[in-house]
Amino acid sequence: MPPAIVILALFTAALCAVNLRTVAADGPRIYRNEWALHVEGGTAAADRLASKHGFINKGQIGSLEDHYLFVHRRTWKRSLRSSSHRHALLQREPEVRWLQQQVVKRRVKRRVKRVYSMYPWEQRVQHSSPQVNNPAQQDNLWDPHFNDEKWDKMWYLHCDRPEFACQWSDMNVEAAWKKGYTGKGVVVSILDDGSETDHPDLAGNYDPDASSDINGGTLDPTPRYEYTNENRHGTRCAGEVAAMGNNSFCSVGVAYKASIGGVRMLDGDVTDSVEAASLGLNPQHIMIYSASWGPDDDGKTVDGPANLAQKTFQAGAENGRDKLGSIFVWASGNGGRTHDSCGCDGYTNSIYTISVSSASEQGKVPWYLEPCASTLATTYSSGAPHERKVITTDLRKGCTESHTGTSASAPMAAGILALALEANPMLTWRDMQYIVVMAANPSPLDRDTESAYPRDPRKESDFVTNGAGLRVSHNFGFGLMDAGKMVELAESWRRVPEQHVCEEDPNAQQRAITKGETIVDTKTTGGCNGTDHHVKYLEHVVVEISLDHPCRGHLSIHITSPSGTRSTLLPERQFDSSSDGLKDWAFMTTHCWGEQPEGDWILEVKDLGQQNCQRYGLRTVLPVLRKWKLILYGTAEHPLYKRDEESRPHTPQTREEPTDEEECEDGDYYDRSKQRCRHCHDSCATCHGRHSGQCLSCHEGNYFVEDEGTCSEECGQGYYKDEEERKCLDCSADCLTCQVSADHCTSCDDEDGLKLFENTCVAQCSEGRYMDENDVCQDCDDSCDTCTGPDATDCVTCADEDLLQESQCVESCSSGYFQQEYECLKCHATCASCSGSRDDQCLTCSGHLELDEDTHRCITSCEDGEYGTEEGKCEDCNIICKKCNGSQADQCLECHHDTNLYDTTCVQYCGNRRYPENGECHPCHPSCLGCIGGEINQCNQCITDYEGEDHFLYQGTCHVTCPPGLYGDTTDQVCKACAPGCIACDGPADNQCTLCEEERAPTDGRCQSEGSQTDEAECAEGCHSCEEGPDICDSCDEDYYLTEDTCVRRTNCPSFTYPDDQDRECRPCHDNCEACDGPNNQNCNSCKEGFYKTPDGCSTGCPNRYYKDDTNKECKPCDSSCFTCSGPASFHCLSCADGDFLHESSCRSTCPAGFIGNAESHECVESSCEQDQYYSSETGRCEDCPYNCRACDNDGDCAECAPTYIVVDGRCRPEETCEDGEYQDRDRDTAELSCRPCHQSCKTCSGPSDTDCDSCKGDDTILDRGECITSCGPGEYMDRREKKCKACHPTCKECSDEYDDTCTACNDGFLLTDASSCEAGCPPGQFLHHGDCDSCHRECKTCDGPHHDNCLSCQPGSYLNDQQCSTHCPEGTFEETYEDDSGETVLQCRLCHVNCKTCHGEGEEDCMECANDIKYKQDGRCVTECQEGHYPDLTNECQQCWSDCETCDGPRNDQCVTCPYNYYLVLGKCLEDCPEGYYDTMRQEKECGECHPSCATCNEGGNYNCLSCPYGSKLGEGVCYPMCEEHEYYVEKTQICEECDNSCKTCRGSTAHDCLSCEAPYGYHAMKHLCTACCEEGSPENEYCCICHESTRLCITDREAEGVQFSSADSIPTNVAYIAVATFICVVIVVLFFVVFGMLQARSNGRLCWAHKYQQVPTTRYEKMNDHVNILSQEDFYNEDSLSEDEIHSIDSTRH
């Protein structure tokens, strides 16, 4: 066949293959003949099951323990139908916990496909081999001028256009390089389509342990080469991370000395197991995984990691890098053109990945960018087609200037992370995310951003400030990654507190989604407060949503945090016409980072319905929000309070502010708003603000309360003392108080039903029991799993499969109930049967209501202002509602014009962080505390952020720092004008300037003409310190309070402020207050104009049950019978509380005579009955009132009687008149009234007994609680002026009749002093406990409680140790003796140094044994690792290395780990030159590269750089061609190939000492050419073995048994019989050889009838195509561009 036809046929086949693959990806599922299984019992159990059922076990999947991949050879490798019959039996095996047939997943590389023609600067550049630099130039000092060819064009790493001032041109990478960080020691792996291992710019950094070929099942990640260069993506990404610097070739990687690996996993079928194997490759070695791929960016796909990949992400975070956590970097996506959102990508949406976005060179939004809330940060990449792109390595050892998209951003971010990880290798995966957030720079991107692509409608910056004061964007995350800032933070970073996960119960009430309308649903959370999952400071927020919709692309979904930060979870996607909805899809947002979660989270789901949907009408899908759930990730402790001031990262918005923090002394902090150092609060040793709650550490003797940031001498209730750290730590949630540890309770909370048992708080009854009325635990009913009582059948959960309905366990739900999980819940009142509890989930209706098929509601014909009752009637809404869905005040849907809707109730005042608009309360911008609108420039009051920093109001916007010429007034948080001439100041006075015009420094706070001076003066009255001038106080004397840098008396605090006694400052009142005694609205004493005083503060309107008093400007309470009123009296009611009726502006439980109560209007309406009749609802007619009753209510109870009769219990009784000293009494049997005498001590009384006095006889008696007495009871004294008995002081048991604190006897635990007062105290040997003096433990001399063994001093001969007395000191302490002030000898135990287990002193060098976590001992000190040049021996003593080694792991010369300068490390030895089989890599680090196994000597790696060949091979243009097959060697004399020794894989001779390579599992000894066993743990000392390299299986060093000799003679048998047999076999073989050789010669000469002449095989390269041999020229044969390494191997194998 002609060659042209062959090429055409192959080309057509290739196109068909591509088309078939595309159809398969877009069409139905493709199933592989592979199954992933979770098998208990390990590899042995998996192998047994595979063999039993006809599968092959391919081994463990990545790093997932007990997860295996099975293959079935009798199943189609790729099929459109699943093969469930293959694993039906397998699934029944008890060891199989889970299995799944693997499905091909469509995964695309996130490079940008060209939309314009190729530009010149996009052309790929081919290069010759790199030049070798002079070693003298390979200096450790960083040189800003690299000699790499494209360095000058790498605009994103350095400024290459000085004429433009390079304002936004780089990511501050050079700052990290200047510190000496290059990524050295950090391992990065690129998960992609492979990576060229021998690329000139990558080979020196290539790490085989970070590489694998998952697609091909080998260890070599080299890409598959084909004519389109489709598999160039991974090589390009690798170059961005770790292209070598200063090698005169191509580009420079961000981390140009990092180790780089590649994983080939995209060039084939991608399944869940393929992804898991890639993500879990060697997680203890690889530190950073970079991925620039994901689901289709087509604007319609919703997809993410499946079961195995999700487990691998979590396992990597929990166990990778020795439990520090693997770091996963992901490209956010390139679906901008299709309006895609990375919120629909489960990889970028994961909390375990760092999702990276792109920015153009101009800092603009690229046309391909996908905005979403999960993006963490941004790096530079390509923009519009005419803009410059990223330079990096390319396929076939090339270089490109056209790498694009977020594919370029993710590896660039991975390189920056490698620099930070080199600065601090102990960073956890969460530490790294914090550092990215804190260091990200929004400034280059936070501008009026015009998109770099004309079709993209986004025109403005979308940065907002969240509730923690951080700037964040859906386009760019927290901003541009800043490498210099990241390594600076990493250097001193301390680990963030442990991660807590608060998972709220789902909102499962189904809501119909209506076209053009928005569903708003609120979830209130306390952040799991009071539990072990408490989240106080947020990191990630995940919202899991399930919904149905016929056209998913019509929906937009948002979530708003309690701080007002609004995240777009899902924007409208016009190409998404799917009717699949969302099934528990997890959206994630990072925008609430640092906020506190407590409060209302608002979910908005809107059906925009603007585009036609292709799927409408194809199948019926009702648009319904089924459920949503909130999952909060974060910390219970403040993540920044955990580190010292100098190590604490600062929030990004202050990055560009001038700072002199390093110049502040201990006890001071840097005030950013005033740009100077200020004193901490007196209680703080170090701090980050001036208040008592802003401490970072405490003075000696005090304890630090982390949650509050305060210092205290004692820990309060709910805390215990950590004496070592000097901190107050939280007790367990069950403990009321505790000691020593969080769960060592000393008391319990009785209100929670807990009791103390062996220092643990336990519930009173165990599970399955309840406490009856007699406080006895009883068994629950058999139907209950748990119950509450008072009866055994009051179930909480049910046994077996029963369902809980109204506290009873039933087999199935009754009519009018529906099943939700294991509970029967009541349907809405309008539903007879239902699918949920809402009124729009009815299936059938109750009463006379009718079902609306569209809304699934049961409706009536009620008007606005009415609602339908259960009986199908229309009744009035509550008076405060205009529209409602019930009669209650919290069931409003719309309000009257003078009130606003706040959630579901109507209020006159919306409160903080909200503003009224269109009758509703809307959230302010997150930076506002109060506002007039939702925009950033509509604030009227500013927040104080979570670091305690005030924000200041200027022209409607809240600023961290006021503009020049203004200062931040902390009293009202407003920017106010400085004095004339000041451009910066601390206050309005002319002596408060900090910077003058023309940037002159002020003199004593005043701006004066140059040369003038002011004499120094002492501080003004009341000032304790005044460093900047006598009138600028930094702190005040006692009894003075600081206000605007001035000290005043407490009573002289300015208007609108109040004295804060704790901080001794005049603090601002709430904005609504005119005068106050505290900072909150509730602390107002009087209100500003337009506000009324309420119990909750000052408000523009009054709440229900209150009315406006315009005279006193306050809200006064209505009469208790009124719900709303116009005045204080009972006859001023406007509406009544539940159950009462309004009559003539009064509220009554029953209507008066002649009126009946209207149940709908709750008013009394006139009755048609006569005056002495009432309307009976039972008979439906007018009935007569009782005898002698003139008028009665509708129940027939008398309200008015005839003359001489009175009303008694609703009936008329004869009236009886009583004299003074008598009271009226009613006979219990006859109900007749009579007069009875009062007690003799009473002057008057009112009953019902004779001692119920109203007044007393005589002056020596007083009225006390209705009784006339002459003396008071125990613990009381008589106040004769007020004629009352009053309680004595709490310490007094008895007191005199004059004063409450003039004690005559004391309560237990108190002693009576000479001054007649009672003071706490107990004699020596006792302590005060619950008011009594209890004895100390017999070993204590003195003690202080709360337990008898909390000793303060010990009896003679005992040692005091941590408040305990003992005869000897425990481990970790040493004995010390001293004399106290009284001269007595004191014995105590002192703590050893933290590194010591036992010691004889407190010094580091006084250790006798080392602590458990410290292994080594050097020069008498316990150390975590031996010093350089030393290694630990078997006793863990540090010993000196061999003299040639810099570091080592043993004493011999072949146990070096690193070498001195100018030495090479080869097989554990430090050598001056590279030995045979190795070559000089010419790197700065002086490394020997290993020659290809086919070479004897070489000048570079690879099989085409040989200089000489081993025995049995021939050299041809740098390639060594073996002349024999594997297991054979070439004999020069006979020119034939002979068999190797059985131990060899390849060899140069017949003995065991002639091996060149070995079969597994043997190791190869390169010096002795020997294959031998690798030493294992427990190998006998007399056994010969070698210590092998883990991956190459090369012998690093050997161990010879004593007396064992190895020579060629070892393999020669000495037995004569053996020699005879061997000789006979040799003769037979020789005869057979000549017979066969003769026949072949005859055939080749055509002398046999079946013979054909051989065609001579040329020594040139050939290719076989369809049985036709094409001969190529010698020149083509050695052309590098036309001959790949794989092809050379093909030639070799064919030749052999």
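Glycine too: its Cβ is placed from the backbone N, Cα and C atoms.
The active site, charge relay system annotation in Swiss-Prot covers Asp192, His233, Ser407. According to Swiss-Prot, the feature N-linked glycosylation site maps to Asn246, Asn529, Asn885. According to Swiss-Prot, the feature compositional bias 'Basic and acidic residues' maps to 643-657. The region 'CRM (Cys-rich motif)' annotation in Swiss-Prot covers 664-1649.
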Chain-internal residues near Asp192 (active site, charge relay system), provided their CB is under 8 angstroms and they sit 6+ positions away: Lys109, His233, Gly234, Cys237, Gly262, Val263, Arg264, Met265, Leu266, Ala291, Ser292, Trp293
Count of other CB atoms lying within 10 Å of the CB belonging to Ser407 (active site, charge relay system): 28
Neighbourhood of Asn529 (N-linked glycosylation site) by C-beta distance under 8 A, where only residues 6 or more apart in the same chain count: Lys536, Glu598
Secondary structure at Asn246 (N-linked glycosylation site), reduced by DSSP to three states: coil
Per DSSP, three-state class assigned to Asn529 (N-linked glycosylation site): coil
Average pLDDT across the region 'CRM (Cys-rich motif)' (664-1649), rounded to a whole number: 78
Site of maximum Cβ density within 10 Å, from recorded positions His233, Asn246: His233
Three-state secondary structure, His233 (active site, charge relay system) (per DSSP): helix
Ser407 (active site, charge relay system) versus Asn246 (N-linked glycosylation site) - Cα distance in angstrom: 25
